[in-house]
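Worksheet: the structure to be examined is printed underneath.
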Amino acid sequence: MKYDKKYVRNFSIIAHIDHGKSTLADRLIEETGMLTHREMSEQVLDSMDLERERGITIKLKAIKLFYKAKDNNVYILNLIDTPGHVDFTYEVSRSLKACEGAVLIVDATQGVEAQTLGNVYLAIDQDLEILPVINKIDLPSADINFAKKEIEDIIGLDAENVPAVSAKEGINIVDVLEDIVKNVPAPIGDENKPLKALIFDSYYDFYKGVVVYVRVFDGCIKPGSEILMMSTNKTFEVTECGYTSSGMISTDEISAGDVGYVVCSIKNVKDARVGDTITDKNNPVDKPLEGYKQVTPMVYCGIYPAEGEDFNSVRDALEKLQVNDAALTFENETSIALGFGLRCGFLGLLHMEIIQERLDREFDLDIIATAPSVIYKVHKKDGTEIEIQNPTNFPKETEIDYVEEPVVHAEIMTPTDYVGVIMELCQGKRGTFIDMTYLDEKRVTIKYKLPLNEVIYDFYDALKSKTRGYASLDYELIGYEKSNLIKLEIMINSEKVDALTIIVHEDLAYERARKIVTKLKDEIPRHQFVIPVQAAIGNKIIARETIKAYRKDVLAKCYGGDITRKRKLLEKQKEGKKRMRSVGSVDVPQEAFLSVLKYDEVN
């Protein structure tokens, strides 16, 4: 379908988690009459059950709306929804590249938050026109003037005529549409130049194969044409193209300036990478669009089936999830304690939790997940350097020259009352203070350099609980730094449990070890014999707790009488327990593995 380009508007909606981004998208869809109120399921763009339940957008979607504006022209609005969570920053940056404008939602009750700011910087990097919108004005605690002041002071945008809306109640939605029509620039692009298009999303369809969402910058895509993916150099033939509106609507072509989907019998999402450039096989462009990067996992953890024979089912399930999620990686690994399993790589903690939940929900699998870890660079004395994802493979202390760990630059926005507790939390997590800026008399931004290893465990939860949910966090990886790290091993009944091994900083080793053994003592059920729970560094035990045994009262039948008879029975019982301990095995429940992650809750 061809439109006059001057009536096309490509925009996305950016916001902090929970500021009402998907709800506003729904109201825009309703207002333009694409779906009736009856057809609307809450959050149309969030199609995964999990997305709706957690109220977050994980994968982004693109949808075409037709809006008749007050000037009586019909405008074509391409709305590209973006995930707001820090784990998915790369996906946000790609979808912004497909737009000319961004609607920035600011919550009237909370003002500008850390990830709002993070996303604004991404939009500024892409030279987008930013249109602020104040949402949630229906709430009793809404303060529109406060939100306007924050938009002007913190982001530096003029907030005089900013639309104030309630996406939930559908108040003032037309103002947002008019704002988009007036202020978002029309796309530029030449249909006669060679094809140049950006992939900003892809998903797997069981009938069509991989469906790729693209923004065409130059040229056009038609069924039958042969296209080339520039990062992988693979070619495919286009079988269908079109756009998403109330459903998938196929068209004759997608031309320069427009957004749509392309089907070309691709079997694996890895061949259609987000951020890649598509061009014509017979008439390619010289260089791809800039900004493409291979997404690399930041957090790793082991996933094991609770029942050993389910290993293949878990692997198949992960393969199916990977088809839709190019950022998920996995490889086989074995553990003495848990048997066969898979070492999986994720973008961050939220990404990890979502994959684990989907394994449970969509595939009904019972899994055990080990503590997450990051990639360490170990420089050995013989001059070699190795990368360690699994703490079990950490070399002996005698072989190590020095170790480097990944560090992040964290930005925390918080009300001024909580500055003290946040600084205390960051110092406790081995943070280095960088800078503190007062945004106004009530709010402050604190910048810290933190080891990623500390952020992935429970930093986010601790931050939220210490600040009653008011603080918000944004972080980015800045590189590797030297650190005194050691391997802490946990022994249960004198046997090392490799799945509980973690890498800790030397100064925190004793404290962590104490907390972990105390946690495990509470989580592991009592057996018929005494179970020692120990934490060791190398051959040195640094902490121990004992799980007491159940005891049968062997003296119940003895009334009075000779002490030697009682002693004999007790000795016999002791002997039996000793024998039992040497042959008995200890069942470690999944809760015990999880408790290691939440070691900070003990204090």
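Each position is counted from 1, following the chain as shown.
Note that Cβ sites are derived from N, Cα and C of the backbone, with glycine treated the same way.
As the structure is a computational prediction, the values presented were derived from the model and not from experiment.
Here Swiss-Prot flags 6-188 as domain 'tr-type G'.
Annotation note: S22 (GTP binding site) sits in a helical segment as assigned by DSSP. The feature GTP binding site is assigned by Swiss-Prot to D18, H19, G20, K21, S22, T23, N135, K136, I137, D138, with sequence analysis given as support.
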Sparsest-packed among the binding-site residues, when each Cβ's other Cβ atoms within 10 Å are tallied, from S22, N135: S22
Long-range Cβ environment of I137 (GTP binding site), under 8 Å and at least 6 residues apart: A108, I144, A164, V165, S166, I171, N172
All-chain count of other Cβ atoms within 10 Å of G20 (GTP binding site): 24
